[in-house]
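Listed features, source TrEMBL:
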REGION    359-380  region 'Disordered'
COMPBIAS  361-370  compositional bias 'Polar residues'
COMPBIAS  371-380  compositional bias 'Acidic residues'
DOMAIN    414-491  domain 'Recombination activating protein 2 PHD'
BINDING   Cys419, Cys423, His455, Cys458  Zn(2+) 1 binding site
BINDING   Cys446, His452, Cys478, His481  Zn(2+) 2 binding site
Amino acid sequence: MSLQMVTVGNNIALIQPGFSLMNFDGQVFFFGQKGWPKRSCPTGVFHFDVKHNHLKLKPAVFSKDSCYLPPLRYPATCTFKGNLESENHQYIIHGGKTPNNELSDKIYIMSVVCKNNKKVTFRCTEKDLVGDVPEGRYGHSIDVVYSRGKSVGVLFGGRSYIPSAQRTTEKWNSVADCLPHVFLVDFEFGCSTSYILPELQDGLSFHVSIARNDTVYILGGHSLANNIRPANLYRIRVDLPLGSPAVNCTVTPRGISVSSAILTQISNDEFVIIGGYQLENQKRMVCNIISFEDNKMEIREMETPDWTPDIKHSKIWFGSDMGNGTIFLGIPGDNKQVVSEAFYFYMLKCAEDDVNEDQKTVTNSQTSTEDPGDSTPFEDSEEFCFSAEANSFDGDDEFDTYNEDDEEDESETGYWITCCPTCDVDINTWVPFYSTELNKPAMIYCSHGDGHWVHAQCMDLAESTLIHLSEGSNKYYCNEHVEIARALQTPKRVLPLKKPPLKSLHKKGSGKIITPAKKSFLRRLFD
């Protein structure tokens, strides 16, 4: 495993807990920003462009026949193919929270309709359901299983608001476990059927699900009603004969007691589970690898990544699965810093570069629950998800740049940069230099040109000077640009000499008139 810090070049405030990532043919797209989309990107979907550990968000385009897709956070997502041999796939999106804290009960289908010069155009369609329609929820899972040449969606778990009759002002945003029903959804005809299985007694949220052929495996999860994280493995098998579907479930105690864990696939038969929470206030730092051989499933511990002190000490973490064994992970920033970011981001690669792209198994894990502002710090809503290789994006000019002038000032920067030719700040060897630093170097903003960040220590700033500059609004210029700034300074304005009006040259009461010749002489004298 390799862990690298990622800097975000623009619009870092859009990336907050609850987002999802979608991978179409190696290109990753960001969905589920916090807040409603703004006019600079009305679709709310961005190309997730990562190059040399630097991330840029570039607006995506939708076809004219697309429906509106709200920025849903914490939805259930999965990929869907017409059959196991199909190369093209779509993304199914169900549930999630809107920016108004309402829960969606709609199903959206995302597909690519045009890919020209690496610029992708999406089509989004809303699927109406009939029958046993699942209520709006979040923190659940949706997967697609294949049986007898047919396919069907399997929806399970999640949380929803308490019934409207029980909602009061004090409990308006209180949530409860959804009933432990299994829903089969026919995406072609829009039919939904609910099944009650005796093996499923408790509602579960923020579990991990793996779909293989006609079976969905469910691991972990959290039950609000009992406040437990059962170490069970639920195996839900779906048979699709010509008549009514047959659904059965088996339970074994060979699972993992964890909630909000992240699943990523590293090969056709191997998956990796990262992180999560083993207790309400304790992250789970152990990693597991899941292997399938025939119909047997094996779970074993594996070597953990070299977690940074930031990750180890953070109370929450979040992210999304990009596909093919790479994970995008975020943790809260340190507000004790002189210059602080809301979140720090990392990429964790769990697979080798030659991962098989033709993976036939679909994986899914919920992307989060609540965001930190809506819940207690350790609730399972603080979930994260992970994803795959995002280092093969070329052609910056093929994408429009998100216009930050239309948004609030969201200028952020990364600490681990080369700020000047003599910069020697290294993420692996850096130690605090100023008393105001805790786990990140102090930085100061140079106002030359478009502006850039430099390390205060590299600029030989005294701590008193650093604090003074951080508290005021004065412009600062780094050592490299200070001479240029001085050369461009405007000279001080010199006040012109006052010229007395000519009429003052006439002496009052003298009765003498100054002749035109004298006036001309006096003008030359005073000029």
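Every residue, even glycine, has its Cβ placed from backbone N, Cα and C.
Structural mapping of features recorded in TrEMBL.
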residue: Cys419; record: Zn(2+) 1 binding site; contacts (Cβ under 8 Å, 6+ apart): Val425, Met443, His452, Trp453, Val454, His455, Cys458, Cys478
residue: Cys423; record: Zn(2+) 1 binding site; contacts (Cβ under 8 Å, 6+ apart): Ile417, Val454, His455, Cys458
residue: Cys446; record: Zn(2+) 2 binding site; contacts (Cβ under 8 Å, 6+ apart): His452, Trp453, Val454, Tyr476, Tyr477, Cys478, His481
Looking only at the domain 'Recombination activating protein 2 PHD' (414-491), what is the model's average confidence as pLDDT?
80
When you tally the Cβ atoms that lie within 10 Å of each candidate's Cβ, which of the binding-site residues (His452, His455, His481) has the highest tally?
His455
What is the number of residues in the domain 'Recombination activating protein 2 PHD' (414-491) that are helix, strand and coil, as DSSP sees it?
15 helix, 8 strand, 55 coil
Show, in sequence order, which residues other than Cys419, Cys423, His455, Cys458 on the same chain lie with their Cβ within 8 Å of the centre of the Cβ atoms of the Zn(2+) 1 site.
Ile417, Thr418, Cys420, Thr422, Asp424, Val425, Pro441, Val454, Gln457, Met459
What other residues of this chain sit with their CB within 8 A of the center of the CB atoms of Cys446, His452, Cys478, His481, the recorded Zn(2+) 2 site?
Tyr445, Ser447, His448, Gly451, Val454, Tyr476, Tyr477, Glu480
